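Lifted from Swiss-Prot, the feature list:
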- 1-19: compositional bias 'Low complexity' (COMPBIAS)
- 27-43: compositional bias 'Low complexity' (COMPBIAS)
- 121-140: compositional bias 'Basic and acidic residues' (COMPBIAS)
- 176-193: compositional bias 'Basic and acidic residues' (COMPBIAS)
- 194-229: compositional bias 'Low complexity' (COMPBIAS)
- 245-256: compositional bias 'Basic residues' (COMPBIAS)
- 45-119: domain 'H15' (DOMAIN)
- Ser11: phosphoserine (MOD_RES)
- 1-53: region 'Disordered' (REGION)
- 108-256: region 'Disordered' (REGION)
Amino acid sequence: MSDSAVATSASPVAAPPATVEKKVVQKKASGSAGTKAKKASATPSHPPTQQMVDASIKNLKERGGSSLLAIKKYITATYKCDAQKLAPFIKKYLKSAVVNGKLIQTKGKGASGSFKLSASAKKEKDPKAKSKVLSAEKKVQSKKVASKKIGVSSKKTAVGAADKKPKAKKAVATKKTAENKKTEKAKAKDAKKTGIIKSKPAATKAKVTAAKPKAVVAKASKAKPAVSAKPKKTVKKASVSATAKKPKAKTTAAKK
């Protein structure tokens, strides 16, 4: 009995630690939610004071410069924030910007005068000009890279072409040698054929030349009697004339 009583008395003592742990977890959850809410509230819904002041001066476009009141009014109207709470930050920025050269103070002293943007600040504030400059630089860089790549590729192609040309020359030379060999073989064959063919006409020519002298000799023999016949005629004429002349001599002798 005493043991059961001790067990029952011990059980209620062990229960409180679980409830304590639950409370601690709830507190941590509530604490994390509170910190998240604080962080959400701490993040501003407007850009920093530097950007707001520069934008207000740029968009107001006042010849004599924009005053502190005009800047505050512009900030409250466009960004919908309390410019009175931001006034110390605005004044601090105006003073530092005048010292740095981002702003030019046309009137007054400190943060109570009128302010204009400097030429360097105007150039910095033009996003279009920045983008144009960046795009131009990128184009120049891309052109340089492209020209380098083209130069490398042209060198590679030139080397490849130089490597290919000797091979082509070798192939052409081998083709030419093969063709020359073929032509030489064909010429040799033709020479053999022509030798065989030419020998036959030579033999025929020899026969013709051998036959021609006989004809010439025959012609000469035929012509010789004609030549020999002519002198005979002349001799006869001479004899006739002699015989004719002889009686005349006789007559002259008779006259004596």
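Backbone N, Cα and C atoms are what each Cβ position is placed from, and that goes for glycine too.
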I'd like the per-state residue tally for the domain 'H15' (45-119) from DSSP, helix first, then strand, then coil.
43 helix, 11 strand, 21 coil
Per-region confidence, the domain 'H15' (45-119) (mean pLDDT, whole number):
89
